[in-house]
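Listed in Swiss-Prot for this protein:
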type   : residues : note
DOMAIN : 12-59    : domain 'F-box'
REPEAT : 134-155  : repeat 'LRR 1'
REPEAT : 160-181  : repeat 'LRR 2'
REPEAT : 186-207  : repeat 'LRR 3'
REPEAT : 212-233  : repeat 'LRR 4'
REPEAT : 238-259  : repeat 'LRR 5'
Amino acid sequence: MAKDEDNSRVHLLDLPWEDVLVPHILSYLPLRHILSLQRVSKPFHSLVHIYLCNCRHFDSTQLGPQLPKTTFSELLKNNTVLQKLDLQSCSDWLTDKELLPIIGQNHHLTYINLNSCGQLTRQSLVAISLSCPHLQNICLGHCDWVDCLSMRSLADHCKCLEAIDLTACRQLKDDAISYLVQKSTRLKSLSLAVNANISDIAVEETAKSCRDLEHLDLTGCLRVKNDSIRTLAEYCNNLKSLKVKHCHNVTESSLGNLRKREVVLDVEPPLQRALVLLQDVVGFAPFINLQI
């Protein structure tokens, strides 16, 4: 009787692997927990292998900053169906050698995060542009190696771009950004923050080319002035947020219209800013009757 009951039990691994376990169970577990299953038994090791070959999203932050490069390469060497790839926690060691094979065999990527991956070269971005025609969102923040040539390649080949983060990509100048936005008219989110090379020229071209723009980050773009912000207000009716902190030449005369449209700004109106400064100095904010 006991033997019959044991034979009638359904074990986890008895369920269809590719139709049930991988898409409906493993896909909801943190990656580090999935990898730990490899140590349970040989069947579980095989199951995890199938998962890694078929997973659509790979987020290195789920494994922490200690992910060895050999482990990383082994995990993804047989995957050809990735759609989202987040490698920001690999920034200490990721080079073209590790990235290029993965990019070369995954042509369905729509999201790539290479934030602070400073050891890559332009070769990686060129490879992305040639291998990932469906790319929609790419983060290249603090990647000093991004230059005009690699940016032109991205603009020429990735026609579906909707969001790009170029924070602190200091090799880029107005001409590179202008070329990018002329080719990427679907852009909804763009960060050009912390780049002293960016001026009104790039911002005005962005406004005129990307009419559906919703989010623009110009933090620390010291050469940006009121004229380009007015152009932005004129052409980008869908704008939802604008960051201009530390843009000392951008004043309320250009921000006022955006504020009236309830665009989220990261700088306070002049009166509120003055009250905050006064509070910092004297330790309290005076009561002011604003209705007078």
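Note: Cβ is positioned from N, Cα and C throughout, glycine not excepted.
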Apart from its near flanks, which chain residues at least 6 from the ends of the repeat 'LRR 2' (160-181) lie with a Cβ under 8 angstroms of it?
110, 115, 133-148, 151-152, 154, 187-199, 201-202, 205-206, 209-210, 217
Averaged over the repeat 'LRR 2' (160-181), what pLDDT does the predicted model reach?
98
Over the span of the domain 'F-box' (12-59), count residues by DSSP class, listing helix, strand and coil in order.
36 helix, 3 strand, 9 coil
